[in-house]
Amino acid sequence: MTSCDFTEEPIKKIAIFGGTHGNELTGVFLVKHWLENGAEIQRTGLEVKPFITNPRAVEKCTRYIDCDLNRAFDLENLGKKVSEDLPYEVRRAQEINHLFGPKNSENSYDIIFDLHNTTSNMGCTLILEDSRNDFLIQMFHYIKTSLAPLPCYVYLIEHPSLKYATTRSIAKHPVGIEVGPQPQGVLRADILDQMRKMIKYALDFIHNFNEGKEFPPCSVEVYKIMDKVDYPRNESGEIAALIHPNLQAALHYESLQMELAICVWNLPPWVLGTPLAENHWSSGSTGHTNLLNS
C-alpha cells in the first residue's frame, strides 16, 4: 500500500522530447514533424512544446557525444559551474533544465514525454519513475485501453539504489515512451505509427482531465525493475558473451524463471481536484526479462 499523489491544478505545460539518444530516430522524426506542423498535438488550454534534446548526437546519428544525456540530470551535474570543459551532454542538461525546469521546482513543466526506441522486442512500453504518481497511473491505463488490442506495457524504474537521472525527470510528471524493436539509425513505419498513437492518447487523456472528466477505478499491471545484469566481461573490460539465441529477438515480456516482480495498482474513481484514497498494490513472483537500452 502506498500513499497517493494527486493533481489539484489542471495540466498546462507539456514538452515532447525527441533525440535524447541521437540514433533513436522515431522520436527525432516525430518531433521534427511537429516543429513544422504541430496541429495534431495541440489541445485547448495546453502549451505543448516539441523539442530536440541532443541535436549534436542527432546530427551524427549516434547515442551521445561525450556521455549519456539520459543519465546526466542529477543535481550534481545540474549544479556544476557552466564551463566549456564540461562534457557536451552535461552542458546540454543544464540548458534543458533552464528551459523546462528547474528540476524539483514549482516552475518546472508539468509533463515531459521522452521518446525512445530500443532494439529489444518490447513493443509499446510506458516508463514510470514513481509508484505513487496516481495521475500517471491513470494516464497509462487510458493509453493501454485506447491502444488495445495492441499490447502496451508499463515499466517501473523506481529502485532504492538504481538511479537514472533521466532527461524527463525535471518535469513534475516524467513519462518515458519506449517502442521497439527498431535498429539504431533506422525508421520503421509501424513503430512510428505506434509511438504517434501513444502521444495522441496521452494528450487526449490530459485534455479530458483538464475538462473535469472523472476516471473510473483501474488496475494496471506493472513490470518493476529489480536489478541490472551486465554482460560478462574479460580482464580488459570487453564484453565476452552474447545474448543466447533463445532470447535474441524474443518477446520482451516473455516469462522466465527469474525473481522479478509484477505489481498491480488498484485506483479508486478519480477526478481533477479530488483527493484520492490510498492506492493498493500487490506483487507477484512471475519473472520477466528486460533487454532494455533506454
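FYI, residue positions are counted from 1 along the chain as it appears here.
Using N, Cα and C of the backbone, Cβ positions are placed for all residues, glycine too.
Taken from TrEMBL, the feature active site, proton donor/acceptor covers GLU178. The Zn(2+) binding site annotation in TrEMBL covers HIS21, GLU24, HIS116. Annotation comment: TrEMBL describes 11-206 as domain 'Succinylglutamate desuccinylase/Aspartoacylase catalytic'.
Distribution of TrEMBL features across the structure.
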| residue | record | Cβ within 10 Å |
| --- | --- | --- |
| HIS21 | Zn(2+) binding site | 28 |
| GLU24 | Zn(2+) binding site | 28 |
| HIS116 | Zn(2+) binding site | 27 |
| GLU178 | active site, proton donor/acceptor | 26 |
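Between HIS116 (Zn(2+) binding site) and the residue listed as 'active site, proton donor/acceptor', the C-alpha separation comes to 5 Å. Rounded to a whole number, the distance between the Cα atoms of the residue listed as 'active site, proton donor/acceptor' and HIS21 (Zn(2+) binding site) is 12 Å. Here the Cα atom of the residue listed as 'active site, proton donor/acceptor' is found 10 Å from that of GLU24 (Zn(2+) binding site).
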